[in-house]
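Student: The structure's right below; bear with me while I get my questions together.
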Amino acid sequence: MSPTFRSLRNPNYRLYAAGGIVSNTGTWMQRIAQDWLVLAVAANGATALGITTALQFLPILLLSPYAGVVADRFPKRRLLQVTQVMMAAPSLLLGLLAVTGTVEVWHVYVLAFVFGIGTAFDAPARQSFVSEIVDEDDLTNAVGLNSASFNAARLVGPALAGVLIAALGGGVEGTGWVILVNALTYLPVVAVLQRLDVAALHSPERTPRGPGAVREGLRYVRRRPDLMLVLAVVFFAGTFGLNFSITSALMVTEVYGRDSAAYGIVGSAVAVGSLSGALLAASRTTVRLRLVVGAALVFGTTVILSGLLPTYWTYVVFAPVVGLTALTMITAANARMQIATDAPLRGRVMALYMMIFMGGTPLGAPVIGWIGSEYGARWTLVVGGSATVLGVLLSLALLGHLRGVWGRVLTPLRRPGSLGPRVWDDQAVQRAVNSADTPDRGGESARGRSGGAGRRTITHHRRARQSVGH
C-alpha cells in the first residue's frame, strides 16, 4: 500500500473513514442547499448569509472549552454517536419545513444555531478520536486522509446539490430535499462507530471530575508559544479568509450572474485543490511550523487574487489554487496541534483549536457579509485575504520574540538523530516546571490540582526534545 494511504491498513480507521465520506458528502450538499435557501427566502441575501453562518458557528465559540473537557472525560466513541443525532435532528426539521413550503428565514437562523451546538461537541471529540484509532506514527497521515476524505466529499457534494436543486426547479422545495438527504447520512456514522473494535482503540487517561479542567488546558497552551502561534494563524485565516460559502455565492450570483449549478461547480473546483493539498499533507511524515505560517500567507494572497479575476471561468480555474493552499495550512495546523499535545489534554487543546478556527466565523462572517452588501462581492475577497495576511504577520511580530518560535518558523523540522534545533531547551523545560508548581489564586499548585498533569507535560516536552521535530 502506498505510504500516502498507510493508515487504511488499520481496520478501525477504514471503517471510520468510510462512514466519514458518506456523512461529509451530505454535509457539503446541505451547505450549498442552505446557502441557496437563505438567498431564496431572505430580503437581503448577503446579510442573511452572514447571520446564518455566524449563528451556526457561534455555539463553537461559546461552548468549545467545555466540549473539550467532555471529550477528555467521556468515551469519544459514544460521545460521537450522540453528536450525530444532535446534528441530524435540526437538518431533518429544516428539510421538512423547506419541502412543505413553510420555511421562513428565522427558522433557518434558529436551526443553524441548534446545529452549531451539536457541532461544538462533535468537533473536539472527532478531531482527537483519530489519535485513539491509529498509532502515533500514523497520526499525521490519518489527519491528512481525514482532510482528503472531507474534500473528496466536497468535490462531489456541491456539484450534486447544485444539480439536484436545479433539476427540482431551483426553488425552496429543491433545497429541502437536499437537506433531508443530509439528515439521513448521519446514520452510517452511528453504525460505523458501533462496529469499531473497542479493544484496538488507544484510550487515553480520562480527565477526573472536578473544577479547573478548562483552566488546565489553557495554562498548557499558554506555556507553548509554538501552539499559540498556530492558534493565532488559524484565527485570522478562519475569521477572514475561509468564508467560501459567502464569498463564492456572492461572486457567482452578483458578479458573474450565474445560477446554483454554477455555484456548485465553483465549490467542486475548490475541492479539487483541497483534495490535492490534503493528499500531499498525508504523504508527509513530518510537520513544520514554517509550513503552517507560509501556507497561511500564500493562502491569503490567493484569496486577494481571486477577488480580482474578470470572468466566471477564470474564477473557476483559479479556485483549486485557493483550495490547495487552504488545506495545506489547515492540515498542517491540525497535525501540529495533535502531535505536540499530551494525550490526556488533547481533547481540550483541540477544542481550543476548533473554537478559534471555526468560532472565529461568527466574528468574520457578518463583517464579510456587510462588506458584500455595501461595497460588492469582490471586496469580500480582497478584504478577507488582506486581513489574513496582515493577521499572520502581526502574530509573528508579537510571538516571534518568544524563545524558539523564530527558529521553528525559519528552520526545517528536525528528524530523530539529526543536529537540527531542539523543540524545547533546558531553560524552557525549567520554566514549564516552575509554572506547573506556581500556586494559583486559590493557593493550590497547578501540578497538585491536575493530578500530575504538570509532570506529564514536562515529560512530554523532554520526550519531544529527543525525538520530535519542528
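Each residue's number is its place along the chain shown, starting with 1.
Cβ coordinates are placed from backbone N, Cα and C, and glycine is handled just like the others.
Per TrEMBL, the feature domain 'Major facilitator superfamily (MFS) profile' maps to 1-403. Under the heading transmembrane segment, TrEMBL lists 227-250, 262-282, 289-309, 315-337, 349-371, 377-399. The region 'Disordered' annotation in TrEMBL covers 431-470. Per TrEMBL, the feature compositional bias 'Basic residues' maps to 457-470.
Set these features in their place in the structure for me.
Tutor: Across all of the domain 'Major facilitator superfamily (MFS) profile' (1-403), the predicted model scores a mean pLDDT of 86.
Proximity of distant same-chain residues to the transmembrane segment (227-250), defined by a Cβ-Cβ separation under 8 Å and at least 6 residues beyond the stretch ends, is recorded for 31, 35-36, 39, 46, 49-50, 53, 221, 263, 266-267, 270, 289, 292-293, 296, 299-300, 303, 307, 326, 329-330, 333, 336-337, 340-341, 349, 352-353, 356-358, 360-361, 363-365, 367-369, 372, 377, 380-381, 383-385, 387-388, 390-392, 395-396, 398-399, 402, 405, 409.
For the transmembrane segment (315-337), the list of distant contacts is 127, 139-140, 143-144, 147, 151, 226-227, 230, 233-234, 237, 241-242, 251, 256, 265-266, 269-278, 280-282, 287-289, 291-292, 295-296, 298-299, 302-303, 305-306, 309, 349-350, 353, 357: same-chain residues at least six beyond its ends, Cβ to Cβ under 8 Å.
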Student: Let me spell it out: take the transmembrane segment (289-309), skip the flanking residues so only those 6+ beyond its ends count, and list any with a Cβ under 8 Å from a Cβ in it.
Tutor: 226, 229-230, 233-234, 236-237, 241, 247, 251, 315, 318-319, 321-322, 325-326, 328-329, 332-333, 336, 377-382, 384-389, 392-393, 396, 405, 408-413, 470
